[in-house]
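Enquirer: After the structure tokens below, expect a handful of questions from me.
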Amino acid sequence: MAMPRVVAFVWLLLSLLGIACDAQLSSTFYDQTCPTALTTIRTVIRQAVSQERRMAASLIRLHFHDCFVQGCDASILLDDTPSMIGEQNAAPNRNSARGYGVIHKAKTEVEKSCPGVVSCADILAVAARDASFSVGGPSWTVKLGRRDSTSASKTLAESELPHFQESLDRLISIFSNKGLSARDMVALSGSHTIGQAQCFLFRNRIHNQTNIDTGFASTRRRTCPTSGGDEKLAPLDLVTPNSFDNNYFKNLIQRKGLLETDQALFNGGSTDSIVTEYSRNPTAFKSDFATAMIKMGDIEPLTGLEGQIRNICGAVN
């Protein structure tokens, strides 16, 4: 091999290694390679939310459930295969995680303009931001450049994602393990203001717990009896379930948190003061929510030469 070719080869190798080691997320990542990506995703998300308001909460939750398992790598979108049991049927996701079809549609539309360029992991991150803004929530600058995982894990999903009956100390620990503070956790929980929960998730709370407003519990028991109706839905925010606001925190102060993990945030513990602050200051809540979403999007992303850009979000190339 001639000397110039050797030098060129070594330079290329070092460059590739540099990409693998030093790649960082950037809000301008697709400016040259797919300049229409963000507007294309936004259009799909707006259409989906306009058809079903609840979808906004589902898309934010989908990004959260992705990032907490293996990092923000779109592993939650991978379908099961004969050799891999993925995350979609893990207990925290089975029959409750939603929005897969919306993400797949966004990916399909982006692929038409920029095939093989935009990752499913980035689409999840952008979709969460656009979903928030579409229902009156905050917007934020999404850092891009994530790549997609080639594996998923039901086991990890069941051990890494918080359970609906976790204690406050356990919740703080789970979020801390992901680099998120207690304040981040409370702010992120505020997205429940536009969410809904299935009866089996809050049955014990409305029938057996005492730190709950009696009228609120009575109302919820009408559609969630002691047995049956497991999948019947109730809004996590009884007052303004279709608007991204701070009523969720006002509800907690009135002991009207629907899930046990909701009320745990205001139950004589260390996060009571944060809940009180957000109940009085919606601007602080929305600002902290945006900050926490950015931090969550930074959880262990695959970059550079790691992972791949999946052509179809549900399957490895």
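Placed from the backbone N, Cα and C atoms, the Cβ positions cover glycine too.
Okay, these came from TrEMBL:
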type: ACT_SITE; residues: H65; note: active site, proton acceptor
type: BINDING; residues: D66, V69, G71, D73, S75, E87; note: Ca(2+) 1 binding site
type: BINDING; residues: P162; note: substrate binding site
type: BINDING; residues: H192; note: heme b binding site
type: BINDING; residues: T193, D237, T240, D245; note: Ca(2+) 2 binding site
type: DISULFID; residues: C34-C114; note: disulfide bond
type: DISULFID; residues: C67-C72; note: disulfide bond
type: DISULFID; residues: C120-C313; note: disulfide bond
type: DISULFID; residues: C199-C224; note: disulfide bond
type: SIGNAL; residues: 1-23; note: signal peptide
type: SITE; residues: R61; note: site 'Transition state stabilizer'
Enquirer: With a radius of 8 angstroms around the mean position of the C-beta atoms of T193, D237, T240, D245, what other residues of the same chain does the Ca(2+) 2 site pick up?
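Expert: Near the Ca(2+) 2 site, beyond T193, D237, T240, D245, sit I194, V239, P241, N242, S243, F244, N246, N247, Y248.
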Enquirer: Say we define neighbours as other CB atoms within 10 Å of the CB. Which of the binding-site residues S75, T193, T240 has the fewest?
Expert: T240
Enquirer: Other than D66, V69, G71, D73, S75, E87, which residues of the same chain sit close to Ca(2+) 1? List them in sequence order, counting a residue when its Cβ is within 8 Å of the Cβ centroid of the site.
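Expert: Counting only non-site residues, the set is H65, C67, F68, Q70, C72, A74, I76, S149, A152, A157.
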Enquirer: Round to a whole number and give the Cα-to-Cα distance in Å for the pair C224 (disulfide bond) and D237 (Ca(2+) 2 binding site).
Expert: 16
Enquirer: Which is it, of R61, H65, H192: the one of these recorded positions whose Cβ has the most other Cβ atoms within 10 Å?
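Expert: Top count of Cβ atoms within 10 Å goes to H192.
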Enquirer: Could you check which of the recorded positions H65, C67, T240 is the closest Cα neighbour of P162 (substrate binding site)?
Expert: H65
Enquirer: With every protein chain in view, what's the tally of Cβ atoms within 10 Å of the Cβ of D237 (Ca(2+) 2 binding site), excluding that atom itself?
Expert: 27
Enquirer: Cα of D245 (Ca(2+) 2 binding site) to Cα of the residue listed as 'heme b binding site': how many Å, rounded?
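Expert: Spelling it out, the Cα of D245 (Ca(2+) 2 binding site) and the Cα of the residue listed as 'heme b binding site' are 10 Å apart.
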Enquirer: Given the binding-site residues D66, D73, E87, D245, which one's Cβ is surrounded by the fewest other Cβ atoms within 10 Å?
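Expert: Output over binding-site residues D66, D73, E87, D245: least Cβ neighbours within 10 Å is D245.
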Enquirer: Which residues does C120 (disulfide bond) neighbour through Cβ under 8 Å, counting only same-chain ones at least six apart?
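Expert: Residues satisfying the criterion: A74, L77, I103, K107, D148, R310, C313.
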Enquirer: List, in sequence order, the same-chain residues at least six positions removed whose CB sits under 8 Å from that of V69 (Ca(2+) 1 binding site)?
Expert: S75, I76, E87, A152, S153, L156, A157, E160, L161
Enquirer: Including all protein chains displayed, how many Cβ atoms other than that of G71 (Ca(2+) 1 binding site) lie within 10 Å of its Cβ?
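Expert: Taking all protein chains shown, G71 (Ca(2+) 1 binding site) has 20 Cβ neighbours within 10 Å.
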